[in-house]
Amino acid sequence: MILGVNMGKLPSIKKFGTKLTIYSIVVALIPILILGIVSINTITKTMDEQAQEKINSDLSTAEGFMEDQNDKLSTVCKYASNSKDTINALKNDNISKLKEIALLTKKSGNADFTTIFNSKGQVVVRSNSNISNDTELLPLVKKALNGKSISSIELLNEDIIKKENLENKTRIEIIESKNYKSSGNLITNNSVKNKSVEKALALVSINPIKDENGHIIGALIVSKVLNKDNYLVDKIKRDTKDTATIFLDGLRISTNVKEDNKRAIGTFVSEEVYNKVIKKGETYYGKAFVVNNWYITAYTPIKNSDGKIIGMLYVGMPEKPFIALQNSIKNSIFGVGILGLLIALMVSFVINDKITKPLKELKKGARTIGKGNYNFRVNVNTNDEFGELAKAFNKMADEIRKSNEKLKKQAEELEKSYNELKELDKLKSDIVAIVSHELRTPLTSIKGYVELVLDGTMGAITESQKKCLEIANKNIDRLKRLIDNMLDLSKIEHGELEMHMEEINLKELVENVVDTLKPLADEKNINIIYKINDIIMKGDKDRITQVLTNLIENAIKFSPVNGKVEIQALKEGNSVHIKIIDNGPGIPKKDLDRIFDRFYQVDSPEKRIKGGSGLGLAVCKSIIETHGGTIWVESKLGSGSVFHIIIPIN
């Protein structure tokens, strides 16, 4: 158990010499690591880019080979279609002569079949069979009969292959694996029989046959089937050193990529490549899993004369040799790094001894001074930074001694000042309580007499007298609220503000406040709107009423004539969110953070006209925070204000 604990917790390093050695190794290791990582990444990236650039270039070369092969077919096709023998034989319906020409053209172009058509698009002669009068390849023939020469790669269907006796040459046995299966549109159940494909890709060249007057009397087609024809892919490999493949849709029909030492004909391309090249019609560049290994590859779509994607051309090289070369470079860089680290370690041992000796003397001095002996002086006489440090250390000891004496005096003065401030604070609280009490009693009497006069109890009064008395009554209420606020703040500061928690129906409470303030709102024709559900919460009913009265009264006070004040309350989780919204002049942004401070007032014309003590909002904030809630305001000049209150329901 002891061994387990010691192994689980590594000891902290306390000796500077050991740390210095470790730091020296770290300092040496960081640039070695950075240089190694940057070198490896740069070399790897450069090698990958160069390999991919070569593949991309080789793909263009491969496309050029296919075009060259098609050009050769086109040359043979044009020669045969423009031959007088062909023209005369077709005009005179000399079938034997046309058969001879078809066979000769096939041989000259190293093609797989040649077919001659009449002006109606019907087959007159086939090089490979005696079937005639059909209209296979009609779309291509129509283009030729309209005077267009075509040289392209086309998809041959099963009927054409049968009539040209090419089933054995074109048939591809499908080899599916769990990773690569047919998902194409061209290789469907209709073209697959007994797990083999009967369709074929072919180089096709077709040319119109014209008589001596330039009238089109037929067409001649020469075609080279690409299924299982390895001439092109092997030529690409000889010239570029890359593997090459021709795909019908996503199926390999000609390739020199090997699987079990056999050409991987009949296998499918990966789904990632298929989706990008066949489905999206884009060229794929990058690494791809080819049959059984990772290759650096490039795939490009093969399109027919109508622009439809019917297959792909691929070139690529195995990634394995590049990985081996990169690993060799990494190992070399790692070896150089280890050698640099060993050199740094030896240098650090030498430096360690020279540095730690004066440090030990400084350490001794620090301990001595730490015990309170400020008269101790360290003895380091070197002419380097350690010597300077020793002088500064000795000077520091003198300064500490002087500062210590000064701090003792300041501490005594601070304690005296604190006691004086404490007495002043108590005196302030006592004055607030006495003044508030002494003012409240006469104000109550004055208010009573003023109201008796206003009610007419003391006799009739004129309108001007009534108006003056009403102003006096309002100012008495204002002074009373000021006194109450001062008393509340005093209680809050001393933690004496008591809360009588009970269940409150928030809707009823708001209705009571609104009823109380309705006369004030009616004076300015202000519409008070409140949308409140039946929410039961716990709190001090009088204090919550005090907060809402203060905020709603302020909203009425600062709203324009014919304005409106809106009160909303909604449950939000375990809290209630109350909003008081007005359309008054708004509050400047600079005042928003201080509006709840004691005695703080926004400097505005409206504030100067309406008056106020700057205590109401401070009291509101204290009451809400005592309930465990928060209060804040959102406002923009000219857009009114929204006061938010969030209080826990329980």
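Glycine is no exception: its Cβ is also placed from the backbone N, Cα and C atoms.
What TrEMBL says about this protein:
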type	residues	note
COILED	390-427	coiled coil
DOMAIN	353-405	domain 'HAMP'
DOMAIN	434-650	domain 'Histidine kinase'
TRANSMEM	20-40	transmembrane segment
TRANSMEM	333-351	transmembrane segment
Chain residues outside the coiled coil (390-427) and at least six past its termini with a C-beta under 8 angstroms from it: 358, 361-362, 365-366, 369, 374-381
Contacting positions for the transmembrane segment (20-40) when only residues 6+ beyond its ends and CB under 8 Å are counted: 13, 326, 329-330, 333-334, 336-337, 340-341, 343-345, 347-349, 351-352, 355-356
DSSP-assigned states of the domain 'HAMP' (353-405) in counts, ordered helix, strand, coil: 39 helix, 0 strand, 14 coil
PLDDT averaged over the residues of the domain 'Histidine kinase' (434-650): 82
